[in-house]
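**Student:** Reproduced below are the annotations present in TrEMBL:
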BINDING   D18, Y21, H187  Fe cation 1 binding site
BINDING   D18, N56, H150, H185  Fe cation 2 binding site
DOMAIN    4-188  domain 'Calcineurin-like phosphoesterase'
Amino acid sequence: MGKIGEKLKIDFVVSTGDNFYDNGLNSQHDPAFLQSFTNIYKSKSLQTHWFSVLGNHDYRGDAEAQFSPFLRQIDSRWFCLPSFIVNADLAEIIFVDTTPLVKSYFLNSDNHTYDWRGIIPRKRYITNLLKDVECALRESTAKWKIVVGHHAIRSIGFHGDTEELVNYLLPILKANNVDFYINGHDHCLQHISDTNSRMEFLTSGAGSKAWRGDMKKQRREGLRFFYDGQGFMSLQLSQFDAHIAFYDTYGTVLHTWNVWKPIFHSSM
């Protein structure tokens, strides 16, 4: 990542959740913050802003610890909130807290304890979240609209499509012409093009543990790329095009894709 970051002169890094595996942070003083973040990403090019969303594993610990300003005193790169917006000139990036949308975490916790402070009552939280996302996208005048969440909308990985996101979030993204939805959750790299819109679904969940050989056979329409090893991705934007690249742990390019913005000419 450091070498690619230097080559591309990156502006910032995005973390798609499950930031501290396996059970999040136990407090803002948890040494895991240093062990899994500060002491790992030491390359010069990675000394920049890190924008992070929570994953379901983060909710198994003290979820609010990751929002603490104290962590920014330890490492000023770190920025994490439940949901937020980054305005990056050409793009507006909306980070969405997808874990509360998934009903199974509330019905069957598999003996795990989740930190639902600020989430309950769940129905009201979800209603407000979706309303905020829709409003932000509708009012956005950015050239590129990007949404980041932990859970996949489309995936052929172990977890597959997330039903609640397909039903509730996807229609909002389509109605507002979102260009990219970027997620983690499935421990792989993948690229799926939507079959009835311009949206690209990008999974980058292979930053640590990878699930070799674990992929679903159904719903492969639009599949451009799948890799069941460790790696990461980059996204470069200009006024007229976007360049997507996926890499393995050595920085070898595994897959690239270009997206072009239509240029409209007015006639008098």
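The backbone N, Cα and C atoms fix where each Cβ goes, glycine too.
So that I understand the layout, could you describe where these features sit and how close they are to other parts?
**Tutor:** Of all the Cβ atoms in the protein chains shown, 23 others lie within 10 Å of the Cβ of H187 (Fe cation 1 binding site).
N56 (Fe cation 2 binding site): 21 other CB atoms within 10 A of its CB, across all protein chains.
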**Student:** Counting Cβ neighbours within 10 Å across all chains shown, tell me which of the binding-site residues H150, H185 comes out on top.
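**Tutor:** Per the Cβ count within 10 Å, the most buried is H150.
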**Student:** Among the binding-site residues listed here (D18, Y21, H187), which has the Cα closest to the Cα of N56 (Fe cation 2 binding site)?
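**Tutor:** Going through D18, Y21, H187 one by one, the closest to N56 (Fe cation 2 binding site) is D18.
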